[in-house]
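Participant: I am attaching a structure below and will ask some questions about it afterwards.
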Amino acid sequence: MALDPYQSTPVVRVSTVIRNIGQLVTIAQQPIPGASGPLQVLERALLGVSQNRIVWLGQEGEGEPQFQTDTPGTDITVIDAREAVVTPGFVDSHTHLLFAGNRAEEFHMRRSGIGYGELLARGLGILTTMNATRAADEETLLTLARERLVSLNAYGTTTVEIKTGYGLSLEAEEVSLRLINKLNATSEIAQPATQKVRVVPTFLGAHSVPPEYRDRRAAYVDLVLHEMLPRFVGLARFCDVFCEREAFTYDESLRILTRAKELGYYLKLHADQLSPAGGARLAAELGAISADHLDHASDPDLEAMREAGVVATLLPGCSYTLRSPYPSARRFLDHGLHVALATDFNPGTSYCENMQMILGLAMSAMHMSLEEALTATTINGARALALQDEVGSLELGKQCDLIFWSIQDYREIGYHFGTNLVQSTFTQHT
Ligand code: NIG
Ligand code: FE
């Protein structure tokens, strides 16, 4: 091929170049030259990275830029991907992973016929975990949470949302939020084992009415409204409410979330999980970022959510655990909603930190295609955290959070099941 004398090779400054990628599943939102399919897959790809941002992506060979170090005096690190399949890291947009104890005993009680709602009404369920969490010291809680972060990262998660909601007092909720912030990859005390996971904190003081307020629930709502919410500004990105017959009513949720919005929190809801309690409608009315669960959301609710741009987050781990019918993902997709999938990792209804399992359940029991399920566990998880410009797909300028898979072809994801197909994850938080 004749050289074009007017076209010089561009120079791209990087700290790291990742070569020899067999398939780069970008999930890009814009077409990428040379990429194919709805997921924009590039074969024989390479990535240039500077300060954990993607500064180059394309096919190897012709058209490659000239890479120069972004830090004079330091060599470029070259990583050979050995033809691995590479995707964005999973974004798990709904977890309750900061807690002590577990509820194996209640799990088996439920298996013998006692309902989840009935346990809540008896002061068990969430309140069992509240008691264990309040009784644990901070170091114990941190250690448990770190172990869980290491585990979910081993299954491919690189961004995780973590909710409070097992403290349920001003002091205990504040401790939970401070610990969740400490767990973040970029926090001063982050440890090597957790440095690969970006943590997004959510305040869920309205998870359950604690026993001290059982007979004066209005006083607890006031505590959330007037003391917790103003005090936690800056500590939590989101405010969430468990809007449910056994938890908080539509009106209580409306008051809490309206105030939260005024204070600058993004909004989420646990909506219509056990009964049609108005959560999905409220999410649309308030312009929440996501409404989660949605087992009992009606068609008009879904219409309203689409109009308002609310992400529908489905949590198949709950259906699996509670043996309740799986919500039909097709219904949400046919309504034109952005569908996200998350683990809902918690000790009651979904004791699972593995996004591959969630993706597999969605493909099998909720009839999602691989393309839909991969989209739901990456870019749509990012949308559910209002982080779609930062993570969830591999595009220029975004964070370079990757999964290296131990498979030959990305179509093995969701097909080969019950084993961990993730070899490792890559991030370089600074
Ligand atoms: O998302 N529904 C409320 N919260 C959790 C369950 C928490 C628990 O049972 O401890 C959920 O299902
Ligand atoms: Fe939840």
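Placement of Cβ uses the backbone N, Cα and C atoms for every residue, glycine included.
All annotation found in TrEMBL is predicted automatically rather than curated by experts.
What TrEMBL lists as Fe(3+) binding site is H94, H96, H270, D344. Under the heading Zn(2+) binding site, TrEMBL lists H94, H96, H270, D344. Among the features that TrEMBL reports, 4-imidazolone-5-propanoate binding site is placed at R103, Y166, H207, Q273, T349. Taken from TrEMBL, the feature N-formimidoyl-L-glutamate binding site applies to Y166, N346, G348. TrEMBL lists 85-406 with the feature domain 'Amidohydrolase-related'.
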Participant: Which residues, sitting 6 or more apart from Q273 (4-imidazolone-5-propanoate binding site) on the same chain, put a CB under 8 Å from its CB?
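Facilitator: E244, G279, H293, L294, D295, H296, C318 - these are the non-local Cβ neighbours of Q273 (4-imidazolone-5-propanoate binding site), listed in sequence order.
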Participant: Of H96, R103, H207, H270, which of the binding-site residues has the most Cβ neighbours inside 10 Å?
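Facilitator: Within the set of binding-site residues, the most crowded position is H270.
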Participant: Going through the binding-site residues H94, R103, Y166, H270, D344 in sequence order, which have a CB under 6 Å from an atom of ligand 1?
Facilitator: H270, D344
Participant: When the Cβ positions of the binding-site residues H207, Q273, D344, G348, T349 are compared with the atoms of ligand 2, which fall under 6 Å?
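Facilitator: Among H207, Q273, D344, G348, T349, near ligand 2: D344.
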Participant: Taking Cα atoms as reference points, rank the binding-site residues H96, R103, Y166, H207, H270 by distance from G348 (N-formimidoyl-L-glutamate binding site) and give the first.
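Facilitator: Result for G348 (N-formimidoyl-L-glutamate binding site): the nearest of the binding-site residues is R103.
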Participant: Given H94 (Fe(3+) binding site) and R103 (4-imidazolone-5-propanoate binding site), what distance in Å do their CA atoms have, once rounded to a whole number?
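Facilitator: The Cα atom of H94 (Fe(3+) binding site) is 19 Å away from the Cα atom of R103 (4-imidazolone-5-propanoate binding site).
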Participant: Reported as an integer number of Å, what is the Cα distance between R103 (4-imidazolone-5-propanoate binding site) and N346 (N-formimidoyl-L-glutamate binding site)?
Facilitator: 10
Participant: Can you give me the Cα-Cα distance between H207 (4-imidazolone-5-propanoate binding site) and N346 (N-formimidoyl-L-glutamate binding site) in Å, rounded to a whole number?
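Facilitator: Between the Cα atoms of H207 (4-imidazolone-5-propanoate binding site) and N346 (N-formimidoyl-L-glutamate binding site), the distance comes to 13 Å.
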Participant: Taking the Cβ of D344 (Fe(3+) binding site) as the reference point, list residues of the same chain whose Cβ is under 8 angstroms away and which are at least six residues distant in sequence.
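Facilitator: Set apart from D344 (Fe(3+) binding site) by at least 6 residues yet with Cβ under 8 Å, we have H94, T95, H96, D292, L315, G317, C318, S350.
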Participant: Take the C-alpha atoms of Y166 (4-imidazolone-5-propanoate binding site) and H270 (Fe(3+) binding site) and report the distance between them in angstrom, rounded.
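Facilitator: The separation of the Cα atoms works out to 15 Å.
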Participant: Other residues with Cβ within 8 Å of the Cβ centroid of H94, H96, H270, D344 at the Fe(3+) site?
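Facilitator: Here the nearby residues are T95, K163, D240, D292, H293, L315, A342, F345, N346, S350.
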Participant: Tell me the Cα distance separating H270 (Fe(3+) binding site) from N346 (N-formimidoyl-L-glutamate binding site), rounded to the nearest angstrom.
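Facilitator: That comes out at 13 Å between the alpha carbons.
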Participant: Specify the secondary structure state of H270 (Fe(3+) binding site) as given by DSSP, simplified to three classes.
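Facilitator: The residue in question, H270 (Fe(3+) binding site), is strand (DSSP, three-state).
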